[in-house]
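Peer 1: Quick one: the structure is below, questions incoming.
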């Protein structure tokens, strides 16, 4: 009897043993208030005491950020409680609409970031002006993107009139729906504290009329203001055509400008009257305060360039931009080595250089860069087809390089990788479409792989399965989080099996258009375990398998508990629709794409390569919200018949 009691007591925890949930509630509140929203939800599932504390914390936390997942209004209501102390709200509104306005808009807010607002109307914009009068920073993405949703200029007027303390405003949608004279009139109400303005799309003529004195022609003389947006320091615009008139108006009227980012995407070839020329380049930075300049002509709709700007235009610009720290030029097809060398040898404070579609840029630009005082940290030479390994050898003298983008530089080969291996601070390396081989990738493991966070080798036709073993041979690559292996025709399941065995903590893995990747690869990735600061498991948040050789059998490994952190999945459109629907019910917060769109492309397109990942433990959040109400595994198995194939609608 006594032995039984002794055995029982030894196998059970002592009642006197201290436990975290026995701490004073005030102390628990203090500890949990230091956590972000997802971490609070993660802690709350451990016991009733922590769950009660979490509910309390969500009633007074100052910052509520949920950007990586889109949740319904009902689930948001259970999290976003009445909170007079809330100052910053960042939400992915992909599943919300106008009925969520009362829940989202709080008078205490200083920062509001609403992403994917396609299902909202202009009412959201006007209501922000009426309810959030203390706002300092506002971001609105894709408002009224769906058909039937409307925005009126009165909505913009109410926003600008009501939010009189705005300092940063990002309207990431098409504002061309506003009448030109009404658009200019609305901005007369904007806060004089506004220093940063970003607009998703606006015709250049609307910007010109807004900034030029001609705007006042639509108003009486008593309504005229001496200056519109007088204190703007950072301006980011996407326009239809970049013109001399536009650049001149911006340069003349915005006297405090330090950051100018202009991008256009012409639908037709620009004529001389609606294009940027040497004259426009000469007008840049008349006040001498500009530090960051980006002029990009996108090839989204038409293969077109800045054909009226040559070396002279760049040299005239450089004369007024000697203190520039960042320069991005895209589509300047007539600028040669002389123009680009003028930038490198004149702008002594330059840290970031981006040249896209530099059709006349050659190795001569960099051959004596070591003779300059430059310490470049970010270099992008995308689609500069004439540069070779020699340029990279010269660039490697910049030991502080952290970002190197050489996408579609076809003459870059293994010798470049030898030079790159010496860059101990490199974090992002993009080599899409280059002429590197399996052997060349082995050079990275000797040094740079220890610091590398992101690596893209998409479309490098010489690479095979051996590239994986060569890359990680003798080096764990513990820093690597983002790996793009897309469009490698010779990459098979064997290569992915090798990757899974390395234990590299990959967060985003892209393998689209690899026809030899199949179900075995998915199984291997599902079983991959990574040691991460005492936690062991699978870290993948993004997996792109579009146009790979996976079948319906692979879906068994995509359900819980496999890939516990997975948030985005790319698949081929020709799969069993019933299985996809069952997976959606099993994992309601998993975004499944079957139409071929790129997942997370903003990561690669960002100049500094940064991307926000604030919600790392999404699976625990799902558990807290759904309380175990996920779809059963049996339902997945019932529809898991590889012979049932149908196209995704």
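Count begins at 1; order follows the chain as displayed.
Just so it is clear, glycine is given a Cβ too, placed from its N, Cα and C backbone atoms.
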Peer 1: Under TrEMBL, the annotation region 'Disordered' belongs to which of these stretches: 604-626, 627-649?
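Peer 2: It is 627-649 that TrEMBL describes as region 'Disordered'.
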Peer 1: When TrEMBL marks a stretch as region 'Disordered', which of 1-20, 21-40 is it?
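Peer 2: That would be 1-20, per the region 'Disordered' entry in TrEMBL.
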Peer 1: For the domain 'F-box' (17-52), provide the mean pLDDT of the predicted model.
Peer 2: 72
